[in-house]
Amino acid sequence: MSEFEYPQGYGLIAGVDEVGRGPLVGAVVTAAVILDPNNPISGLADSKKLSEKKRLVLAAEIKEKALAWSLGRAEAEEIDELNILHATMLAMRRAVKSLKILPHLVLVDGNRVPELDMPAQAIIKGDGKVAEISAASILAKVARDQEMETLDKQFPQYEFAKHKGYPTKVHLEKLMRFGALPQHRRSFAPVRKAIEEFNRTQ
């Protein structure tokens with residue numbers, strides 16, 4: 001974790017991150033975390049750079065040691081209705097509002113912040129710089145991956161556990177072969193094209 005200079009004059013700081021903007025299926029999942037400065041967690045990093053095993057271990061530790069944590073989400077229908085950017089902002093707002101303690105400042109990964117009731121700051125590549133954002137990225141990633149495992153059990157023919165809903169060659173082939181599920185994001189071009197191809201071959 002690189003040295004990050006926290007803005008001065010704030011008490012409780014929450015980190016917020018999202019997982020699942022790119023996949024073709026399921027919700028975009030966000031997390032908000034307020035860490036306890038007196039109970040540090042070692043090994044926090046961008047969730048994408050950690051093994052699944054390490055993420056699971058850290059997620060349990062974050063939930064145990066954080067002053068507060070919560071998840072937010074926007075479903076595929078909301079993504080289709082609002083677009084992925086606005087749905088992500090909505091999911092971030094939901095995560096922050098669900099915190100049992102309200103933070104004085106929110107640090108958000110990326111270059112945009114949602115409308116919140118407290119000051120917020122966007123930090124580009126924040127999941128590799130800010131411990132709170134790293135913790136949020138880990139919780140969101142673990143939660144979304146578990147949702148894909150569940151979906152995989154319900155619809156094994158799509159192999160969601162392997163590709164986690166991302167637009168891989170395998171996923172696109174399955175979409176064209178079996179059609180789209182209610183959980184698929186119909187506003188995403190690859191899903192639309194796959195539905196057209198599926199309908200054409202029926």
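Every residue gets a Cβ built from N, Cα and C, even glycine.
Swiss-Prot names Asp17, Glu18 for binding divalent metal cation. Of Asp80, Asp109, Asp117, Asp145, the residue it gives for the same site is Asp109. Listed in sequence order, the residues Val16, Val19, Thr30, Ala31, Met92, Val108, Gly110, Gly126, Asp127, Ile133, Ala136, Ser137, Ala140 complete the 8 Å Cβ shell around the divalent metal cation site centroid, once Asp17, Glu18, Asp109 themselves are left out.
The Cβ of Glu18 (divalent metal cation binding site) has 28 neighbouring Cβ atoms from other residues within 10 Å, across all protein chains displayed.
The C-beta environment of Asp17 (divalent metal cation binding site), restricted to residues of the same chain at least 6 apart in sequence and closer than 8 Å, consists of Thr30, Ala31, Ser47, Val108, Asp109, Gly126, Asp127, Ile133, Ser134, Ala136, Ser137, Ala140.
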